[in-house]
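Remarks on the structure that follows.
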Amino acid sequence: MDHFLYKNGTLHAEDVAIPDIAASVGTPFYVYSTATLTRHYRLFTEALSPLPHLVCFAIKSLSNVAVLKTLGNLGAGMDVVSGGEYLRAKAAGVPGDRIVFSGVGKTRAEMQLALTGGIRQFNVESEPEMRALSEVATSLGVTAPVTVRVNPDVDARTHEKIATGKKENKFGIPIARASEVYAEAARLPGLRVVGIDVHIGSQLTELEPFEQAYLKVADLTRRLRSEGHTITRLDLGGGLGIPYTRSNEAPPLPTDYGALIKRTVGDLGCEIEIEPGRLISGNAGLLVASVIYVKNGEGRDFLILDAAMNDLVRPSMYGAHHDIVPVAEPAVASPTQEFDVVGPVCETGDTFARGRDLPLVAEGDLLAFRSAGAYGAVMASEYNTRPLIPEVLVHGDHFAVIRARPTFDEILNRDTIPPWL
Ligand code: LLP
């Protein structure tokens, strides 16, 4: 469910009409709904209650500090994967003891940053990383709380580029080697083992892979405890999928996911952490664009938008589907036409959809891409020297620009001319 509905024939974000935002900031832009972010965060906290738990929002899905502050104010923790994301979480006012640090290649500088600023735990992913963290912590005179990310060799049955839990993926340590790796972690002077971490992939549309992974984590918890380790936290990762089309998708609900967690690991007395990104942010955002031209090609008609692959890369990168709807509500049973929806970037990959059935649209009309809150703005680039597009946050009948469109001067001034030119 989201808060982007037609009211009086016009698409709204909560109580703000999308054309009002377009008139104020220009297109294209991203717009996020506070009510949807809040609702989705709460679905998780309700699904996990009464287990002791912390929902750590995966910042990588949508990292604007205003969004992080919205969630942080509700009590959310944050899952960060870089020093930059760590600084974003801190800038949003989230205390270190609610920030978990994930990622396969944390640098010593990033470890130092988080150890100095405060951190709930590092999810370490390899023995060399464990040793480096122990050294950094020792040099600072502190101990780093750690979980080890285990790779359970489970098929998440999702897009190959975002599956992470198979043994051939680069993530985690093989679960079969966990005893050995935990024994070393326990010996390293700068580390304090607090739990186990697992994350098997993103956009999972079935619960079964989670179940397989979490049952393995439950067994491992018992084994590691019998080997003398203190396991008080289980970080179960993110990955719950969202519906990208209105019609035919029904991914599992957070309540069912919560029930699964209770069933598989709920009796271990551990604090549960989860790291959802997409389910909180995905359907909380739209990308709004204008039609520049309607071009009738040979056997195909093209809608050329002012948004492009650099603004929303998911269709070109993963073949992902995003529903595209007109901002002016089409009349019931109004005629439709098949369009290839494309951007102005100079490559054929700059295609959002092929043969998409859309109501008749004309130059200047506004279109909205749904489910664009997650992995939209954060994956944008300035390819073709197209400025990063603004982000807008709506709250009831208010909206605010939470990242402004840069000027061309700002963009050009980042390049510097060496002295010999
Ligand atoms: N935790 C870890 C360790 C992760 O690697 C990820 C996502 C998450 C949590 C959050 O997963 P989520 O709940 O959002 O599924 N760019 C791709 C998705 C990449 C996901 C990477 N890891 C896309 O646009 O589909």
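Any Cβ shown, glycine's included, is placed from N, Cα and C.
As given in TrEMBL:
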BINDING   Gly239, Glu275, Pro276, Gly277, Arg278, Tyr375  pyridoxal 5'-phosphate binding site
BINDING   Arg278, Arg314, Tyr318, Glu347, Tyr375  substrate binding site
DOMAIN    29-373  domain 'Orn/DAP/Arg decarboxylase 2 C-terminal'
DOMAIN    36-281  domain 'Orn/DAP/Arg decarboxylase 2 N-terminal'
MOD_RES   Lys60  N6-(pyridoxal phosphate)lysine
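Tyr375 (pyridoxal 5'-phosphate binding site) sits 8 Å from Arg314 (substrate binding site), counting Cα to Cα.
Least packed by the Cβ count within 10 Å, out of the binding-site residues Gly239, Pro276, Gly277, is Gly277. For the pyridoxal 5'-phosphate site, the Cβ centre of Gly239, Glu275, Pro276, Gly277, Arg278, Tyr375 serves as reference, and the other residues of the chain with Cβ at most 8 Å from it are Ala58, Lys60, Ser61, Ser202, Gly238, Leu240, Leu279, Ile280, Ser281, Ala374. Candidate binding-site residues: Glu275, Glu347. Fewest other C-beta atoms within 10 angstroms, Glu347. The secondary structure of Tyr318 (substrate binding site), as reduced to three states from DSSP, is helical. Of all the binding-site residues listed (Tyr318, Tyr375), Tyr375 sits in the most crowded Cβ setting, with the most other Cβ atoms within 10 Å. Spanning the residues Gly239, Glu275, Pro276, Gly277, Arg278, Tyr375 that the record associates with binding pyridoxal 5'-phosphate, the maximal Cα-Cα distance equals 15 Å. When the recorded positions Lys60, Arg278, Arg314 are scored by other C-beta atoms within 10 Å, Arg278 scores highest.
Between Glu275 (pyridoxal 5'-phosphate binding site) and Tyr318 (substrate binding site), the C-alpha separation comes to 22 Å. Taking only the Cα positions, the spacing between Arg278 (pyridoxal 5'-phosphate binding site) and Lys60 (N6-(pyridoxal phosphate)lysine) is 9 angstrom. DSSP gives Gly239 (pyridoxal 5'-phosphate binding site) a coil state; it is part of no helix or strand.
Across the fold, the C-alpha of Pro276 (pyridoxal 5'-phosphate binding site) and the C-alpha of Glu347 (substrate binding site) stand 33 Å from each other. For Gly239 (pyridoxal 5'-phosphate binding site), the nearest of the recorded positions by C-alpha distance turns out to be Lys60; the candidates were Lys60, Arg314, Tyr318.
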